[in-house]
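The annotation [4Fe-4S] cluster binding site is assigned in TrEMBL to A:Cys347, A:Cys407, A:Cys410. According to TrEMBL, the region 'Disordered' annotation covers A:416-444.
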Amino acid sequence: MARTMAEKVWEEHVVRRADGEPDLLYIDLHLVHEVTSPQAFEGLRLAGRKVRRPDLTIATEDHNVPTQDLLAPIADPVSRKQVETLRKNCSDFGVRLHPMGDIEQGVVHVVGPQLGLTQPGMTIVCGDSHTSTHGAFGALAFGIGTSQVEHVLATQTLPMAPFRTMAVTVDGTLRPGVSAKDIILAVIAKIGTGGGQGYVIEYRGEAIEALSMEARMTVCNMSIEAGARAGMIAPDQTTFDYIEGRAHAPRGEDFEAAVEHWKSLRTDEGAVFDAEVVLDADELSPFVTWGTNPGQGVPLHAEVPDPASYEDPSARAAAEKALAYMDLAPGTPMREVRVDTVFLGSCTNGRIEDLRTAAEIIRGRRVAEGVRMLVVPGSMRVKEQANAEGLGEVFEAAGAEWREAGCSMCLGMNPDQLKPGERSASTSNRNFEGRQGRGGRTHLVSPQVAAATAVRGTLSSPADLAAL
Amino acid sequence: MEKFDVHTGRAVPLRSSNVDTDQIIPAVYLKRVARTGFEDGLFAEWRKSDPDFVLNRPEYEGASVLVAGPDFGTGSSREHAVWALQDYGFKTVLSSRFADIFRGNSLKGGLLTVLLPQEVIERIWKAVEADPATEVTVDLVEREVRSPGAGVQEPFELDDYTRWRLMEGLDDIALTLRHTDEVGAFEATRKPWLPVTL
């Protein structure tokens, strides 16, 4: 029978299947960070259990870490304790850790792919919802809770409830200035924050195939914002080229054998998805959010919507609440919305290509008066590469702050936060109330829009900038 | 894990859709390394900033059933959201739609999340708002929610396996460890090129 890619990867990992029980799946790679792991390690200790496969586990410090003055101790004692706890746990249980100051330290979802640990056909989990990022390689990757983190540490498996499959097909070609971020924001606006609930999404079509690996990661990263369990993209030559030569990639004959297998993972001709959604890339334009969930977005050239225009009373109430929080009036052109801060970074858009794109727009220009621009590379390796390409200098010359790697202002667990009432244009993934700091207001944007907004001070696309 | 069979308690009507886990417990409370004591973080921002927020109203004090709007628990995978609800005193949450990861976390940890049609949720909201003493019974044995005060007797779905695990209060890890031989056998068949971290 013709099968989808997600079904194939699932089948390859079933350790045990029994009537009336969820399938027990084997986990090929477990990524660990400081926030969702302490209680899991403590659970192992209390039960006298070990980590079954430390060699399939890797940890880094990302959520809490400061992005400046790395040599000073972490000022916040609670954050410091959490990071120190991770170090002790990794040491006690024999787990490889990339701590602050290490060249491989960074946002966990940037670190896995750059080390070549993320490969097609694998099952990958992490106590972080944006684990869906790794699906860009054709891996089945999902975020899990701390109980499941403990389960994977102890058994290297997870009992998993069955899923449904959804195809999101993006036909056509993206226009200049329109990016992967705009694709996924448009998908979420179309199907809603619950539209993907219970599904593994496979992104396909001409526009997806044309994307680089970095851009594919941006798309899969935000699958969770549509409520999906995971997002996947079929591996192809772009994928193989990205993996080849990386530290943990297979080599020589192994690589050839791996590629043969990876090619077999593609969804079979005639396989049936439980749901299908189609978008036309030619019709997409830069997209921005106006509300407090990622589904509340519009094209940049549009206006803040009027809650009265919603037929569904629950959506209307949500829009009214969101506009009150965001301090926006219906009908305001999005382009006139002024921001205080621009954040470029995160597991959504903190990779080298994102930095290159933004730097190209910023080069020779200045960050607008009164605007703070924070550029936070996804990993120290990304930072090193960006510096080698002179990108750091471009950001600094424009008046932006060029920081060290971490999750930073995406969720404000470290000192990088919005103040109450401050407004940001952010390349991150969530515009929830208070996400970037208590009382902060977030507009989700692409790196292109982030860079142009930094220059003009209002939500803008590169096309709005005066020629140099 | 505490066993769950039948729970009866008063309810809190939370009339918001898309309540994300950042609202259920803001990130600042995630820095702790202990497993208990998260009740102060539950809906911390809303409790601080809105005196009329449902959990600030004395008539709902001591309630143990949260009746939430659709798409409850979206966003971050933080299991702290489940812990905060439990530490605060909630035994069960009713909604017409839950986010996947939150639902998984809740059922692992013994917080029973119950799917009901939105129309039933609305009826419970109205009854509880009219009389906060209205009791709601969540019966896992019969897979049924009952609230005579709200005129509700509604079956709900939950797979047999999860129901059995919750009723027995069993921890997944112990169950899986019974199958260690099968895990070992599977490991012997893994592709040789798969990456290792050490």
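Note that Cβ sites are derived from N, Cα and C of the backbone, with glycine treated the same way.
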Note on [4Fe-4S] cluster: the CB centroid of A:Cys347, A:Cys407, A:Cys410 has further same-chain residues inside 8 Å, namely A:Asp62, A:His63, A:Val107, A:His109, A:His130, A:Gly345, A:Ser346, A:Thr348, A:Gly350, A:Gly378, A:Gly406, A:Ser408, A:Leu411, A:Ser428, A:Asn429
May I ask for the residues of the chain that lie six or more residues beyond the region 'Disordered' (A:416-444) and have a Cβ under 8 Å from a Cβ within it?
67, 130, 181, 185, 221-222, 225, 288-294, 296-297, 325-327, 337-350, 354, 374, 376, 403, 408-410, 450, 453-454, 459
Helix, strand and coil residue totals from DSSP for the region 'Disordered' (A:416-444) stand at 0 helix, 8 strand, 21 coil
